[in-house]
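Please read the structure below before turning to the comments.
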Amino acid sequence: MARNIILTLHRNDLRLTDNALFHCAHEREQDDVTHVLPLFVFDERFIELSGLPGYEREGPEARTRLCKFWRTGAFRARFLTEGVFDMRNSLRQRGSELLIRYGLMEKVTADIVKAMRANGDKVKAVYLQEEFYSEEKAIERKLRKALKEVGVPLVIYDQVPLIHPSDLPFAPAAMPDVFTPFRKRIENLPHLGRAPHPIPPNFKPFPRPPDGADLYPGYGAQIEADHRGLDFVLQCLLRPLQDTFQLRAGSEGRNQRSAFPYAGGETAALQRVEWYFKQGGPPPVSRYKETRNGLLGHAYSTKLSPFLCLGMVSPRTIISALEEYEEKYGSQQNAYWVRFELLWRDYFLFAARKFGSKLFTLGGFEEVTDPKQAHVKMQPGWWKSWNQDEPLKDDVNSEQAAVRWMQGKTGVPFVDANMAELRESGFMSNRGRQNVASFLTKDCQIDWRLGAEFFESHLIDYEFGNWQYVSGVGNDARASRQFNPVKQGNDYDPHGDYIRTWLPQLSSLPNSRIQCPWTLPPTEFARLVPEGTYPCKPVIEQPGWKAHYVRKGPSKQGVPNRNERVRNPGRLIVGKSGRSIEPSGSDSDHSAESGSTDDGLQGAGATAAAKAVQKQFNHVSVQTVREGRQRETRVAGQALGEAKKNGTQGKGVTKENVLY
């Protein structure tokens, strides 16, 4: 008797809980379905596969559009692979299986459908989660075409956002271009999000090839036959990155200093949800609003952003846990701010769907919302470029601000500590993301796409739209927002614990100069900082920073900074020669919150001094905070375009992975 099969094709939905694909494949209406085949394809367009033995690539290397960084760096490659194999283990525990293949998703899927039909099986449909970005949408169209040729329908389920598109109080194309009107209309809905789907109680069997039939086609069949697992696959995926800094950092395992010490997968995601929303009396979420601007430790924020990014947990599962918390402890501001951040995530998702490919262009969404202003910003001279012929190596002598930013050697410790955390752990707090993005696009006036692509390569979780918001080509209503990194460091790392954790070469600096070491006399700097390990002058120094060289008043520790003012641009200092440029500038009003989303639901706890980071890793409280790449660049293509003018700055702050 022929088997009647549904194939569930997975991308960024690496979970069993609240997964519409599994739920719908096991509904009563599918009683005629005898088997379900879950499939995941490592797509060569998004992750480099040339390290797999004998793999023949069908297209170019998996590099970013402009700067040619690896699209998936070591940290996300590890997190993703762990998530895929965690999902396979969960399915096996339920009598099913996850078929894992490598190549072009649409081609691999069509070949497997053909093989099943050749075995005498009937394929009723292929189920797929709908994505929001133009590149993924183009792949969906190719897949639909390939399946149509073999007479199999593609059924798509919209389950990425918290709010289902059909529940929006407006058509997706009519979504407000500014967050606040969007949020207010969404908050008037009777309920934020639908109830999550439970895991099917009984999974339909996996349709193994009949006796005598070959394994399902596609690269990966031999890996399957040889019973190779996570370690082998991960080793192969990391092999092409061998000349990059992040591989050297990632190959050493998870950094003990990291605020995100979690393995990828639904198992770890649900454990985090359980701990953050349910453990303790009251649980950590009860302190979310006060602690979410933390920098050290795992508990200062939800740390759910990376899990959300790859679909290892759904926003509806998070809301469900939050509602259980409120039933026990009552509604309060901390719970509201978790919802607030999830709405920021939805906002960026729907903006990506509304504006399509403009997500990746220099002019950004503004090409649609304000074409005249976008045209001005796209003229030569508005943005500075990066000479990609200069190797990205760990020294302090580059004359390019872009290179110094990527190296974490700008000479501004609060910026550099965050970049060191990114490069050595694949993670960065929301506070850090906002500051480093503002520094690159507002202070240094570097093309925002360099920052977006660098984050894409290095972060476990990333979102392109957040960089548009920072740089002033997205949908921030206040284009002049800008961060003062010296003030921000004083406010959120007043004793320099975070800086000393990630920049140990600065450990001997006094607290009074840890945020601005260039203000020390040269002889004192030379005595306290090992020679050649850190710049004695910042790549740029803004006049507005000087008022904060000596702290006045208490630190902010979790309190939003409002109405900071900085004059941009300031005195640009580059290289050993000390040559400087004095461009004209104007005051720009900006706030530390700057409309960005949460800690990206990605933060956690605090720690004491840098020496005690590991010892106190699991202790949470605001008070503890107080106590407390050569190949990569060489293969880069053309530079980001002609240099653009020093004047004018963009807007906003980055919200990489909003609560996310």
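Counting begins at 1 with the first residue displayed.
Quick reminder: no glycine exception, Cβ is built from N, Cα and C everywhere.
Annotated FAD binding site per TrEMBL: Tyr288, Ser301, Thr302, Lys303, Leu304, Ser305, in sequence order. Within 10 Å of the C-beta atom of Leu304 (FAD binding site) sit 32 other C-beta atoms, taking all shown protein chains into account.
Per TrEMBL, compositional bias 'Polar residues' is recorded for 615-624.
The average pLDDT the prediction assigns to the domain 'Photolyase/cryptochrome alpha/beta' (4-162) is 96. Residues annotated as domain 'Photolyase/cryptochrome alpha/beta' in TrEMBL: 4-162.
According to TrEMBL, the feature region 'Disordered' maps to 551-660.
Pairwise Cα distances among Tyr288, Ser301, Thr302, Lys303, Leu304, Ser305, which the record gives as the binders of FAD, peak at 14 Å.
Around the Cβ of Tyr288 (FAD binding site), a 10 Å sphere holds 29 further Cβ atoms from the protein chains shown. Thr302 (FAD binding site) falls outside any helix or strand according to DSSP and counts as coil.
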